[in-house]
Amino acid sequence: MFKFLKGVVAGSGAGIKDLPYNIGEPYSSAWGSWTHYRGTSKDDGSLVSIFSLSGSNAQDGHLAAGRNGVKRLRTVRHPNILSFLHSTETETFDGSITKVTIYIVTEPVMPLSEKIKELGLEGTQRDEYYAWGLHQIAKAVSFLNNDCKLQYEWLIGSQYKPMELSKSDWALIRKSPPWAIDSWGLGCLIYELFSGMRLAKTEDLRNTASISKSLLPDYQRLLSSTPARRLNASKLIDNSEYFQNKLVETIQFMEILNLKDSVEKDTFFRKLPNLAEQLPRQIVLKKLLPLLASALEFGSAAAPALTALLKMGSWLSTEEFNVKVLPTIVKLFASNDRAIRVGLLQHIEQFGESLSTQVVDEQVYPHVATGFSDTSAFLRELTLKSMLLLAPKLSQRTISGSLLKYLSKLQVDEEPAIRTNTTILLGNIAGYLNDGTRKRVLINAFTVRALRDTFSPARGAGIMALCATSSYYDTTEIATRILPNVVVLTIDPDGEVRSKAFQAIDQFLQIVKQDHEKINTGDASGTSSIGIPSIPGNASLLGWAMSSLTLKGKASEQAPLASANTSTPLASATSSTSLVVDTPDTVVLHANLGSDLTDQAAPSSPTSTDGWGELDNGINEDHDSDKDGWDDVEPLEEQKPPPALATIQAAQKRPVSQPKPQVTGVRTKNVVKATKVEDDDLWGSIAAPAPQTSSKPLNLKQAAMHDDDDPWAAIAAPPPTTKAKPLSAGRGRGTKAAVPKLGAQRINRTSSTGL
């Protein structure tokens, strides 16, 4: 007995032993004899509602009804009935008085009167909110009456009792339908809802001035004086005109989404973003948003639902968005539905900043990276542009071992716009590469690849990328690797490329001059790497050059090249999904792909060009590979030379006969030995034209040479127009062999002495 009393005393009050919840402050309004408290879980701090009912005698009628209510609530499950979590009953002693208290713990709720004041709804939104709430309660009452065969279970108070119950006319009650008493109670609730006050006496129900006109006929049938004529709650749900509004219909559609066909779903979700703005905001966020997130996560919602989810998510605070929306988005990246993946990439700027570094590197990027090799050019482009937000959150291992390998392939993609934007992306993420990777990748990617691309905007992007990353190059690299490649573009067929080339030359020459001045003044601190602010029209961040791909994912249909302004940001011209970097001092290049471009067409199969060395072939290899740069880069396919230059080259390919030299002593100043150049011809059709004047004959090395390996073949002198004459005896030095001439000619092998 002592142990029992000790346990009871210890379990009394807010620290009840058997209740794993903390009891907080009570609400001002009560539910009949029950007291409604705010509460929290002792385990995780989640919110709950706690109801308590007290009596001085264990056999009290109120306590008996309370125990019955606990029993019913524990066994009945329905979406519109409070979810039961826990219950307990305690006894406390105050002298000779025993106090028995029943506790019921449910999901968190608050009194309707306080919720209405909190929302402050007016007009149409208030009516729609009332309609949805009454619709949910009517569904719960219908479930209890028609499915569970229960009655008079939910309203407490003598003022809510119909006449037959107040008079205890049990014979009439037994003859009445099972819903008669609860339909009366539903009518009482409608009165309190619209009047905004508690029902004091039954006669007040005749005051219908505040009742909605569309609900008034149903209200009167619910309160019929004849029990058999009272309206069944299920009939109220199905037939009442009052429930035919946007909010009720929208939530009903979401609740039976699995029963709808694909056309209905697509139509509904395309209208939902605009519709959500017209609905009560609290209902949208607390009811519609969870339904939508769940439908997307489990695959029952169509891809357009993602737009509505992100729009609703934008109305949440950052903390709420990270809890209610972001987990669903992260899971959607693993979806096999291409439309879902496209939607995520199109709207990534709305949630990309909320993604943590770990989530991006481990959960998001592995799924996004599959888009780099997708057969849809539009999806490849969106994947590329998403890296502007995701790349800064990737680890160095992922960047070097995976991302750069994909970008290597995209720089020789069959779509010119993708090749161009790949160069721009590299310029933007250069700051996130380590020093060793920058040394191996940037110059090769921008010069060997971009500056020699057959698409003029790609060449322009390469120049701008070099300028934007100028601080990463030392003067040796500028003088030997960058300037020689940029100077060639000063005679590019495209005027915009030429303008950018001159600007770049000025910028890099300024860097070299600064280095020269520092050396002369004895300041060697900045001689290894000097960077200066970009000239007007260039900046550290570049915007997208273009997007010529349609939303259908088809290959680009090329259009004429538009004029560009070199003093405005580099931005997308046609795609609504382009991630334009809005910086005030970036370069703009508005361009559409076209069949009538002034420059040469893109190669039919550029992917056969092996670009950044072993990066291209190592997509699926171990990330520990040390080949993460643009090593062993080969040029793109050479362009066809102009007709005039082709004629000269054809003439030079004819064999040249040489006399056998008779004397080894020859003036060195008249002999030029042609050596085989190890590298291929990297200049293509932009080499200098052949000179108009003939040069002095050169003494060629007797070893055979292959014309294709001669980088100077394109600018060699044309063959002489006159035939060579043999040296006569007595003229010149008799021991000197005839100097061979270039070009097709006949050589007299008779010596000057006549032997």
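Placement of Cβ uses the backbone N, Cα and C atoms for every residue, glycine included.
What TrEMBL records for 595-610 is compositional bias 'Polar residues'. Annotation source TrEMBL lists compositional bias 'Basic and acidic residues' at 620-630. What TrEMBL lists as domain 'Protein kinase' is 37-243. According to TrEMBL, the region 'Disordered' annotation covers 594-638, 710-755. Summarising the annotation, TrEMBL assigns repeat 'HEAT' to 325-363, 482-518.
In terms of DSSP secondary structure, the repeat 'HEAT' (325-363) contains 30 helix, 0 strand, 9 coil. Residues in the repeat 'HEAT' (482-518) partition by DSSP class (helix H, G, I; strand E, B; coil) as 34 helix, 0 strand, 3 coil. Listed as Cβ neighbours of the repeat 'HEAT' (325-363) (distance under 8 Å, sequence separation of 6 or more from its ends, same chain) are residues 289, 293, 296-297, 299, 302-304, 306-307, 309-310, 312-314, 316, 318, 371, 374, 376, 378-379, 382-383, 385-386, 389-390, 393-395, 398, 553, 577, 579.
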